[in-house]
């Protein structure tokens, strides 16, 4: 999973989130209100800025377009942007409005009050022109566009129409985090990501179970002229109602559950969803696969306090723990099951690695090779010789451990995601079916001699050799045991 070459243009309401932490120990003598004694403060990018921050922390590049004022908040916001190398500052400064700033006052991690410093004036024609020019300058560099609409004025109907028009001309998908009740303003977008409350309000009907979510989505899809709808459903996960495509007359429906966890803060979870969705789709994944990745990403950030982001390592770890990772089950899978896993993993943009062997008596050399292989890929498949295959290769006294035992031990390793058996002397047939992205063997081989290497390379993959741990072998262990008896 590598987003380093993916660029996303993010336009919307950029703001600064400030947090004032303290304690409440008394009531004011001036009025019946608590007195908050401030002990610490911090600030971070908010709104569309948080969307861009999520993209950057996942390894992508965000082109951030929005309006800021000529004030101290703008200076603080620019300072934050300078600290995030993955964000390109394409903000427009306006003398007609303040930089949006939301300040939260907290005691014992509970909000006491929030203040909003913002303008309620509609976007001026001159501001719209500057925003449109900035978008036109950068849009062709990007693989996706995000409209982060917080309803604060930047995304006026004129700006939305202009941006979507430019994107469609360039064949660039557009993702919308909506705030408006009328989704017709987003006509031409690729995917809109309302939560169920926003979806219900836009469709003017309930959206509290799968059937009603689908019905509501059909209504707003007509308003938005065929945009797909990704409905976020809190603890129920997500539902993607995908617009009809070539070869399909009706919508396609995909669901993914949320993994049970302790939720600390849902602030900014929607920003993470749309950032990951757009980034994953721009990198080549289908909308369904991008939804599954964004669902995992949202699961990470809601377990953190405050407006949070995540990095690729955290996302990989969450995929490992979630149902979509489909890790090993403690025994060998059939070739058909392994092929299905590989297909799903590749749809998620994961790099699939492969190695093989007898693994008769698991030793430090085996574990070292498997651990190193797993660091070079996102998922590792280990193909294991059956007992008959081992006997043909090693002699009638082998294997020491039976096939099921060997597979169970391997499947119990954290570095191994799938174990599959093969009856032949080589794993060529397995490799030809699975077509892994990486084929790993010990450095005692030459690349040109690795079985299946030509098949993997022809499919665009690589053969990689891994250094062995000296003096470690099953044969050596067997000989040592024989001297003791």
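The first residue you see is number 1, and the count goes up from there.
A Cβ is built for glycine as well, from the same backbone N, Cα and C atoms used for every other residue.
Taking all protein chains in view, 31 other C-beta atoms sit within 10 angstroms of the C-beta of residue 271 (active site). Marked as active site by Swiss-Prot: 271.
Here Swiss-Prot flags 195, 196, 197, 198 as ATP binding site. When secondary structure is read from DSSP and collapsed to three states, residue 195 (ATP binding site) falls in the strand class. Counting only same-chain residues six or more apart in sequence, the Cβ atoms lying under 8 angstroms from the Cβ of residue 195 (ATP binding site) belong to 231, 232, 233, 234, 270.
Swiss-Prot lists 1-326 with the feature region 'Ribokinase'.
For the region 'Cytidylyltransferase' (354-485), the number of residues in each DSSP class (helix H, G, I; strand E, B; coil) is 56 helix, 26 strand, 50 coil. Under the heading region 'Cytidylyltransferase', Swiss-Prot lists 354-485.
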- Same-chain shell around ATP excluding 195, 196, 197, 198, C-beta within 8 angstroms of the CB centroid, reads 194, 199, 200, 201, 207, 231, 232
- Query: Whole-number Å distance between the CA of residue 198 (ATP binding site) and the CA of residue 271 (active site)?
  - Reply: 15
- When you measure from the Cβ of residue 196 (ATP binding site), how many other Cβ atoms are you left with inside 10 Å? 20
- Query: In the structure shown, with every protein chain counted, which of the binding-site residues 197, 198 has the densest set of Cβ atoms within 10 angstroms of its Cβ?
  - Reply: 198
- Message: On average, what pLDDT score does this prediction assign to the region 'Ribokinase' (1-326)?
- Response: 89
